[in-house]
Ligand code: SAH
């Protein structure tokens, strides 16, 4: 015999809302918009996840919130500190999946590296996340939740004791393939009632999804980084298969449109240096030629970080230095990214998390990419 049980209506995770979403949700509850903003401050300034403790929110509203929603950051499976102070969190998602977020402290700033997808479907040859395949997009709550968890751990206080001064969407996944959720999460990073970071301190890194770069420039004010890794199409297609769909000329055109729309900004081009692959003087010359046509850009050289099973190796230190010098001598602003946290596999391209059920989803993803559906994502 079936028993009739009252099904509780599904509670809503408030971390899924940006400011407007939160106001709309409060309107549905019959509450004034300023109430939403009050609660938003509790969530992001005081890092409070218990309505009980929101002392300036009336009892009746607290009870209403308790009944209809919750504040649900991802659960920490484990966290680990590297010898250099870098901190990595493995955060549990649904169904045994897990993603990683990394905090990189430096003397003048603290950067949080945030993931956007469980795994990644782009299959860049030198990236450890690629070997995991793709499972799914992260929700807004799961993206901003990474920052919430790190901020809470670090004792971050917005506008006072900022431990996280910068966020880079450079963790697992391709952020532009999870556009809406990533944009909502970044708007919470930027919002004064959220984490209150300036546009130049929130950076989205992409492997080069041209139409989405245009869309991003029209949607939100953040900084852009582009994973280049090679300045000729043949080599770039080998390293970053997405280049086949959006070759370098199209990518650079999109970057120039970005700069035209945001005249006072610059774009960072990431270039991972792999021994004998893309680190020779001729590669530097190609890169210089390409950068000459880009106003206001900088190159960020990343020494390759190895991971089990990779066929690539890190370039020798002298080769890296020579490569940088060649660019600098040609007037290209070039930084060398220091390798951080590699003793806990937290460095660029080493994030793996745990991705279940990847084969089927990977196959679906490939099919969609082949069909060109990704244009419409
Ligand atoms: N999908 C986005 C976000 C990932 S960002 C993108 O491609 O930009 C991660 C950065 O680290 C990218 O620039 C990526 O190309 C780089 N990277 C990936 N694997 C790496 C590795 N093994 N060593 C060093 N850098 C790596």
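Each Cβ is built from the backbone N, Cα and C atoms, and glycine gets one as well.
Curation plays no part in TrEMBL annotations; they are all automatic predictions.
When the candidates 187, 205, 217 are compared with the S-adenosyl-L-methionine site entry in TrEMBL, which names 173, 174, 227, 228, 229, 305, the shared residue is 205. Each residue in 122, 123, 126, 128, 129, 130, 174, 207, 349 lies on the same chain as 120, 124, 127 and has a C-beta within 8 Å of the C-beta centroid of that [4Fe-4S] cluster site, without being one of the site residues. Proximity to residue 348 (active site, S-methylcysteine intermediate), defined by a C-alpha to C-alpha distance within 10 angstroms, is shown by none of the binding-site residues 120, 124, 174, 228.
Geometry remark: residue 124 ([4Fe-4S] cluster binding site) versus residue 228 (S-adenosyl-L-methionine binding site), CA distance 11 Å. Counting only the Cα atoms, the space from residue 229 (S-adenosyl-L-methionine binding site) to residue 120 ([4Fe-4S] cluster binding site) is about 18 angstrom. Between the alpha carbons (Cα) of residue 100 (active site, proton acceptor) and residue 173 (S-adenosyl-L-methionine binding site) lies a span of roughly 11 Å.
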